[in-house]
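Here the structure is laid out as structure tokens; the discussion comes afterwards.
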Amino acid sequence: MRVLVALSGGVDSSTAAALLVAEGHDVIGVSMRVADYSDARRGRSCCAPDDLEDARAAARRLDIPFYVANVEARFRERVIEPFVRDYVEGRTPNPCVACNSDVKFDWLLARARALGAKLATGHYARVERRGGRFALCRAGDPAKDQTYFLYGLGQEALRDVLFPVGDLAKRDVRAVAAQAGLPNAEKAESQEICFVTQGDAGDFVALRAPGSVRAGEIVSTAGEVLGRHDGVHRFTVGQRRGLGLAGPAPRYVVRLEPGTARVVVGSAGEASRDRFAVTEVRWIAGAPPPRPVAARVKVRHRHEGEEGTVTPDGGGGQVRLARPVRGVAPGQAAVFYDGDEVLGGGRIV
């Protein structure tokens, strides 16, 4: 079988390639160049200059062809520009979801099919056949599971996608990499947004959209002015740290008001929600279910999830949770699970 492997330069994707080579498949490595890194520092991100060289070195060790795909224009249009726009408008985007749906498993998958190949990545996730359909399932190692970022994959994508490390624990991945002699077997995990190579997300947004960033007031839910800030793009709903506010009780960001440049803060309870809407919903099965479905809902990657009900509504839906959850941030993904299976997900409104 011919397989195009998306090599990020990290140990996970390199090990995925090593496993496929060991199984005797015709493996081709490809890395994506997503931005101009001429002035970038080395960081713990993916897809940066050093990562491309690490991917090239891994491919050389495995003796497989290696190519670099320049996807800068597509990445800028589908990931970076929406990322900046969301922050300016008071939302908290998830660029990894957009990258997976609109670049990796769209653009790269099309290239794989043109080569008569499957597409493999180093994601910690599994694909199973269940009742005549493909199911996206949690990874064998719950601590490394990345299905939250993959809810946008539909049946056609899952048919041609492989996750070779999906059943492995991280320590086992490193062991396989070491045994294969991969030069990045002990490489640190990526922690940053790959295209934010200097400063943080707030600095990046301020640099890309300086005319849209405004200083403003930090106010209580009662309207009392408590402090000032240099832009709503530096905050997210549910945030506690970095507010710069003194007081006996902790305060959390309740909502962002980009129109008035106000950051509204309150108690943990005020920053919690048990009902919210989602838009741009994608269902793994294809069509939305005909009636409300019970699901465990994750509102961010590290969230354990809360039991709830999802009611489809056209291309969106309504979510009702059994208990209020702090930090249900507009712009973030809400992903719906039935046991270990991903049902779908959407953007929080």
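Note: Cβ is positioned from N, Cα and C throughout, glycine not excepted.
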Legend entry - Annotated companion of Ala6, Leu7, Ser8, Gly9, Gly10, Val11, Asp12, Ser13, Met32 at the ATP site, Swiss-Prot, chosen from Gly90, Gly116, Gly122: Gly122
Inset, instruction - Measuring CA to CA, name the entry from the recorded positions Cys99, His123, Cys194, Gln332 that ends up nearest Ala6 (ATP binding site). - result: His123
Inset, instruction - Determine how many residues of the region 'Disordered' (300-320) DSSP places in helix, in strand and in coil. - result: 0 helix, 13 strand, 8 coil
Legend entry - Spatial separation of Ser8 (ATP binding site) from Cys194 (active site, cysteine persulfide intermediate) - C-alpha basis, Å: 10
Inset, instruction - Only counting partners 6 or more residues apart, tell me which same-chain residues put their Cβ under 8 Å from the Cβ of Asp12 (ATP binding site). - result: Gly122, His123, Tyr124, Val165, Val173
